[in-house]
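**Q** I'd like to ask some things about the structure below.
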Ligand SMILES: CCCCCCCC(=O)CC(=O)SCCNC(=O)CCNC(=O)[C@H](O)C(C)(C)COP(=O)(O)OP(=O)(O)OC[C@H]1O[C@@H](n2cnc3c(N)ncnc32)[C@H](O)[C@@H]1OP(=O)(O)O
Ligand SMILES: NC(=O)C1=CN([C@@H]2O[C@H](COP(=O)(O)OP(=O)(O)OC[C@H]3O[C@@H](n4cnc5c(N)ncnc54)[C@H](O)[C@@H]3O)[C@@H](O)[C@H]2O)C=CC1
């Protein structure tokens, strides 16, 4: 019975199309995440089109991919530098770039969006692409915090829409959260799970709830670390050391906040507070607000909780 209910929830029907085997991938957004996802997809034999708003940005994306591939190859092909170089060239051949999302999606099995974390902009993008992509094409978002059902609501492919949430840095982090809404079909969900596995990642199944699994637990933790520091209960350095050596996290909460970007973390928390103002887990932090207002957003601006220049 439980199994049956699950199938209904995912919109399974006997006439539904079979699972889509994902070979051609369009990734919209060539920033931190999009470039990383493109690299991993191309490294695992997919044909990737990376889309952004300008050729200059796309040139930077390819440079990032090249730099990251060099780091991967240094380890993977430590004794065979020529094979390593061959691997890099092969991977780069699998990636093409475009500033025209509409044309790029026409031959795609999967359109994965990793653009700015703004609901309206994501909705507009998918609404436009919905009219241009083939019927079988699956749409997915890499959003950190927005409901997938809100992003998909402007399309007519609710059954072929899900979430694929990767982690930064994508080439190193093994997890992918696969998110199904109440309309995502079982076939779509399975295709996304399979795709994650083919990328060499470990997928976990998530509901379309705020922050899915990881961010729902981790964003309040990062904020509580800042509040603990604000209360004068520990220095930033000691809190970072404590979490690294006490529970084995690779980065302490202040290092990780700077790495992700304080604006991103604050944006997520502000959104959740708006939805649930009485939840004390979502309480603000004066220091976080002040640093973001001053443009001290972390590593990317040279200063956040720590200085990087
Ligand atoms: C969650 C809160 C809310 C956020 C909301 C938005 C965010 C999200 O929605 C979800 C997220 O992504 S949350 C962030 C998740 N990521 C983490 O927690 C990263 C934690 N840090 C680490 O795992 C390691 O420090 C790390 C792997 C980064 C680096 O390793 P190490 O600490 O050992 O330092 P390194 O010496 O620099 O690196 C060691 C070797 O790792 C390889 N590597 C690192 N970055 C790479 C990259 N980008 N590409 C390819 N290879 C890379 C590399 O082999 C490096 O060796 P070298 O190249 O010789 O240095
Ligand atoms: N940074 C992180 O640690 C993580 C971020 N995410 C999510 O991934 C998404 C992207 O994040 P980042 O890569 O960090 O952002 P980013 O700012 O590094 O890159 C976003 C890219 O999208 C491009 N872009 C914006 N609007 C566009 C449009 N309409 N069409 C084509 N390209 C467009 C921008 O030019 C930029 O290159 C966001 O939804 C974010 O919440 C998810 C996991 C981790």
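Don't overthink the numbers, they just go from 1 along the chain as shown.
For all residues, glycine too, the Cβ spot is worked out from N, Cα and C.
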**Q** Where TrEMBL shows 29, 30, 31, 32, 33, 34, 117, 122, 144, 168, 300 binding NAD(+), which of 52, 100, 289 is named for the same site?
**A** 52
**Q** Determine the minimum-neighbour residue: among 68, 144, 168, listed as binding-site residues, which Cβ has the fewest other Cβ atoms within 10 angstroms?
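**A** Lowest Cβ count within 10 Å among the binding-site residues (68, 144, 168) is 168.
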**Q** In terms of Cα spacing, which of the binding-site residues 52, 68, 144 are within 10 angstroms of residue 165 (site 'Important for catalytic activity')?
**A** 144
**Q** List only the single closest residue to residue 75 (CoA binding site), chosen from the binding-site residues 29, 31, 33, 122, 168 by CA-CA distance.
**A** 168
**Q** I'm trying to understand the geometry here, so how far is the Cα atom of residue 29 (NAD(+) binding site) from the Cα atom of residue 144 (CoA binding site), in Å to the nearest whole number?
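**A** Distance (Cα to Cα, whole Å): 14 Å.
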